[in-house]
Amino acid sequence: MKKKLLALFIGSALVLAACGGEDETTEKETGTTNEETTTASVDVDKKFQQKCSMCHGVNLNDGRGDVPDLTTVGSRLSKEEIEDVILNGRGTMPPGQLQGEEASAVAEWLAAKK
């Protein structure tokens, strides 16, 4: 029993470590104005591939078996609800994978998936 519990703990730690941790890089100023939309200033597809596809899969539905299919997530959750999950986590999803403008842009992009 103890061996199974230890294996489960180690496996969970490895999964959480794999879903996170990319070094933050500083982006150069692009000369854009604040009037532009959030999604225009964030490469949403690139952010999804970098931060989310490890667990959710590159096609939003071909990830690990215990994570939700995101192909129609917009029909189940609003942009605000999706952003809350991104920021605060839910179930096996760890919080804080994206923050601020990036979280908002990805939430908006996913909310359009209906």
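Each residue, glycine too, has its Cβ placed from N, Cα and C.
All TrEMBL annotations are machine predictions without curation.
According to TrEMBL, the feature signal peptide maps to 1-17.
Taken from TrEMBL, the feature region 'Disordered' covers 21-42.
Mean predicted confidence for the domain 'Cytochrome c' (39-114): the pLDDT average there is 91. Positions annotated as domain 'Cytochrome c' by TrEMBL: 39-114.
Cβ neighbour count for H56 (heme c binding site): 23 (other Cβ atoms within 10 Å of its Cβ, all protein chains included). DSSP assigns H56 (heme c binding site) to a helical segment in the three-state reduction. Residues annotated as heme c binding site in TrEMBL: C52, C55, H56, M93.
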C52 (heme c binding site), Cβ-centred 10 Å count of other Cβ atoms over all protein chains shown, is 22
Cβ packing number for C55 (heme c binding site), 10 Å threshold: 19
